[in-house]
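According to TrEMBL:
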- 12: site 'Discriminates between blocked and unblocked aminoacyl-tRNA' (SITE)
- 17, 67, 69: tRNA binding site (BINDING)
- 22: active site, proton acceptor (ACT_SITE)
- 94: site 'Stabilizes the basic form of H active site to accept a proton' (SITE)
């Protein structure tokens, strides 16, 4: 597998969506940029972009500025502009099927019904790219999933949200320094 050279966090742009469950992908990638002292200041291909250095390698971090369900409109052109294959990209996004506090790295897979991921798969023509799923849990009592993903975390969840964000950043750092397989072995086993 090729080295990851682009990490994309999925979310919705705008202050009204900051801190929502659907934007945890944005939060994780923004925290990774912060850890490396990088800032998102350049807009390219409808995405905010930052570049970090890991050893001698440059890694581009991106936050699409389309709405979640149109993420592919930013990701497809960005991959082409950077002359990267989809396998060199790692997508970070929220997952209803994982409990809050859990993460899962995968080398490839389906969208799992996530419309932002569906948009990226359609734009790049394959589902063969690594991803980091960040658990947000399911709505209590079988409530409306669409409303749930756009809700903010409850105050009593904040400590767990911060912990999972740091865990996700550590997993991404491990992917960049040691490779996807090593990171999967280390982080997918954690409970």
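Just so you know, glycine gets a Cβ as well, placed from its N, Cα and C.
Heads up, TrEMBL stuff is auto-annotated, nobody curated it.
Here the features listed in TrEMBL are placed on the structure.
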{"residue": "12", "record": "site 'Discriminates between blocked and unblocked aminoacyl-tRNA'", "DSSP (3 states)": "coil"}
{"residue": "17", "record": "tRNA binding site", "DSSP (3 states)": "helix"}
{"residue": "22", "record": "active site, proton acceptor", "DSSP (3 states)": "helix"}
{"residue": "67", "record": "tRNA binding site", "DSSP (3 states)": "coil"}
{"residue": "94", "record": "site 'Stabilizes the basic form of H active site to accept a proton'", "DSSP (3 states)": "strand"}
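Residue 67 (tRNA binding site) has its Cα within 10 Å of the Cα of these recorded positions: 12, taken from 12, 22, 94.
Residues 11, 12, 13, 22, 66, 68, 70, 116 surround the recorded tRNA site, their Cβ atoms falling within 8 Å of the Cβ centroid of 17, 67, 69, which are themselves excluded.
Ranking the recorded positions 12, 17, 22, 69 by Cα distance from residue 94 (site 'Stabilizes the basic form of H active site to accept a proton') puts 22 first. Residue pair residue 22 (active site, proton acceptor) / residue 69 (tRNA binding site) shows a Cα separation of 11 Å. Taking each Cβ in turn and tallying the other Cβ atoms within 10 Å, the top scorer among the recorded positions 12, 69 is 12. There are 22 other Cβ atoms within 10 Å of the Cβ belonging to residue 22 (active site, proton acceptor).
Spread of the tRNA binding residues is 14 Å (greatest Cα-Cα distance among 17, 67, 69). Taking the Cα atom of each, residue 12 (site 'Discriminates between blocked and unblocked aminoacyl-tRNA') and residue 69 (tRNA binding site) are about 9 angstrom apart.
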